[in-house]
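Working notes, structure below.
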């Protein structure tokens with residue numbers, strides 16, 4: 001049909017975007033340790049100039065950013081101007097190094113010193129790496145690493161984004177993200193989903209895209225159309241406009257076509273997200289990730305500090321259900337004060353409830369702060385433990401939570417062991433919430449951060465669905481609620497399947513609520529159960545999806561055949 | 001030879017943000033200021049030196065400077081370190 005090239009990856013959400021590409025520069029390679037060809041004096045002039053220019057550039061960025069970012073960037077500017085560091089660089093140049101190599105080594109020496117101090121100081125090591133890369137980039141006359149910041153809107157292309165990069169994205173300028181690495185449940189994908197950024201991850205060939213090529217990014221299909229034709233551009237613009245209009249229609253509670261209520265809740269990582277979630281029709285919060293309150297901290301926040309945040313959240317959702325997850329550190333989001341020990345396989349390490357148990361005072365403080373906030377507000381607070389893998393852990397958490405004043409305590413089912421024993425775990429606790437991202441990771445033995453195994457990271461896999469069904473069945477027979485708070489709930493058709501498997505509520509990033517609400521309204525509970533059976537009987541995620549899509553389409557076609565009498 | 005002894009007041013010690021403000025104040029003074037803790041003395045305008053000392057709440061340091069206005073400068077800088085910037 002057209003001359004345009006198309007790349008494909010995994011789309012996050014259902015958004016569509018059109019715009020020019022900007023590449024995120026790759027990290028610079030370590031400068032080679034070769035002899036200087038220009039002599040020490042000239043190298044010293046070069047390094048001094050690059051350090052000063054980098055400091056000035058960082059300071060300017062800080063002034064533009066303002067707020068907390070300005071403080072961080074000012075500190076980085078002083079690092080580039082540091083007289084002790086400059087002395088170190090000059091000494092290395094005197095011994096025969098190039099300016100690039102001397103800067104690299106001097107920063108590395110300070111970085112190693114800070115890393116060896118551990119904790120908070122160790123975390124500043126990342127800042128040093130960033131400054132070091134910027135100075136070396138300046139010396140080599142190449143673009144500095146980091147998210148580009150032009151004065152126009154663009155589609156960001158990167159190998160992958162660090163959480164810090166994603167957090168600092170200017171959402172008024174970034175139209176979409178395309179990454180070559182990373183799976184659909186990587187930290188980056190989750191943040192992109194939470195911020196409603198159109199994203200396609202794991203797109204092979206993305207790194208061959210060049211700045212100022214134009215692309216259409218379609219998260220629904222995971223397709224990236226490169227250099228689209230005028231017709232393709234016009235069609236994309238029309239779709240973007242009509243979706244923007246559709247997003248403004250009134251919202252209501254989630255329900256199936258036969259009236260079965262399926263409460264639709266929001267996954268949130270910060271109190272700021274409450275207002276927009278309610279506007280999109282969230283009936284409450286199904287997963288409040290408390291670790292984002294702790295991420296920049298070098299120590300656990302006090303009871304009073306936490307209580308203030310929780311009170312704000314619960315106040316925003318007065319009269320509604322709010323499910324808070326106790327601190328879940330580890331794997332992709334380490335917290336130095338919870339688990340500082342290096343681990344070969346962090347996903348299989350001391351994380352979730354295990355890390356909390358090893359640091360019970362931190363857990364006690366958090367539960368106390370939550371109970372206090374609950375007492376002071378009108379929301380319906382539920383609290384759950386992350387990554388529970390045994391009946392005994394469920395008993396431990398529930399007992400401790402109740403003792404500290406939590407009214408409703410539950411566990412997250414993210415490990416196959418917990419799903420398989422759901423009929424024994426649920427009697428020990430008030431509810432279960434299935435985290436489909438981790439459950440998929442552990443069931444398929446596929447690291448959710450690793451692009452090379454991203455194809456395994458698919459919650460449509462019948463093995464994952466069978467485990468969900470175990471929990472759903474146990475919940476139904478014991479009369480206990482079973483929620484889904486993984487990203488699987490944000491996939492509209494999969495959401496219907498999950499309800500068919502026994503999920504009683506669905507929680508997702510607010511951006512996905514409208515699509516899921518619309519899809520649920522198309523089918524009855526019996527149909528949802530049929531779809532669930534179809535998916536369970538498939539041999540693979542792809543087969544399961546195709547089978548259910550076909551069944552759903554057949555239903556839609558029969559309806560439209562009647563109404564349009566085609 | 002003006003000196004000032006001062007106890008770090010910030011609840012979380014002299015981490016990046018207060019260290020950066022302190023370095024800024026030292027630079028603005030126009031004097032060469034030294035900071036000593038135990039047997040280590042460093043240029044007080046080195047943020048990396050300050051951070052790598054790992055100064056915690058309650059640690060005692062000595063500031064030293066010479067030149068015009070040294071007393072006034074040291075009073076200001078000691079006042080900075082003696083204030084809790086995490087409060």
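For all residues, glycine too, the Cβ spot is worked out from N, Cα and C.
Automated prediction, rather than curation, is the source of TrEMBL annotations.
Listed in TrEMBL:
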ACT_SITE  A:187  active site, tele-phosphohistidine intermediate
ACT_SITE  A:485  active site, proton donor
BINDING   A:289, A:325, A:437, A:438, A:448  phosphoenolpyruvate binding site
DOMAIN    A:9-124  domain 'Phosphotransferase system enzyme I N-terminal'
DOMAIN    A:155-222  domain 'PEP-utilising enzyme mobile'
DOMAIN    A:249-523  domain 'PEP-utilising enzyme C-terminal'
Largest CA-to-CA spread of phosphoenolpyruvate binders A:289, A:325, A:437, A:438, A:448, angstrom: 20
CB contacts for residue A:448 (phosphoenolpyruvate binding site) [other CB atoms within 10 A, all chains]: 25
Separation of alpha carbons, the residue listed as 'active site, proton donor' and residue A:289 (phosphoenolpyruvate binding site) (Å): 11
Whole-number Å value for how far residue A:485 (active site, proton donor) lies from residue A:325 (phosphoenolpyruvate binding site) (Cα to Cα): 11
Rounded to the nearest Å - Cα separation of residue A:438 (phosphoenolpyruvate binding site) and the residue listed as 'active site, proton donor': 11
Across the domain 'PEP-utilising enzyme C-terminal' (A:249-523), average pLDDT on the 0 to 100 scale: 90
Assigned conformation of the residue listed as 'active site, proton donor' - DSSP reduced to three states: coil
Residue among binding-site residues A:289, A:325 with least C-beta crowding, 10 angstrom cut-off: A:289
Pairwise Cα distance for residue A:437 (phosphoenolpyruvate binding site)/residue A:485 (active site, proton donor) [Å, integer]: 9
DSSP state at residue A:325 (phosphoenolpyruvate binding site), helix/strand/coil: strand
Residue A:448 (phosphoenolpyruvate binding site) to the residue listed as 'active site, proton donor' - Cα separation in whole Å: 16
Where residue A:289 (phosphoenolpyruvate binding site) sits in the secondary structure, as DSSP reduces it to three classes: strand
Three-state secondary structure, residue A:448 (phosphoenolpyruvate binding site) (per DSSP): coil
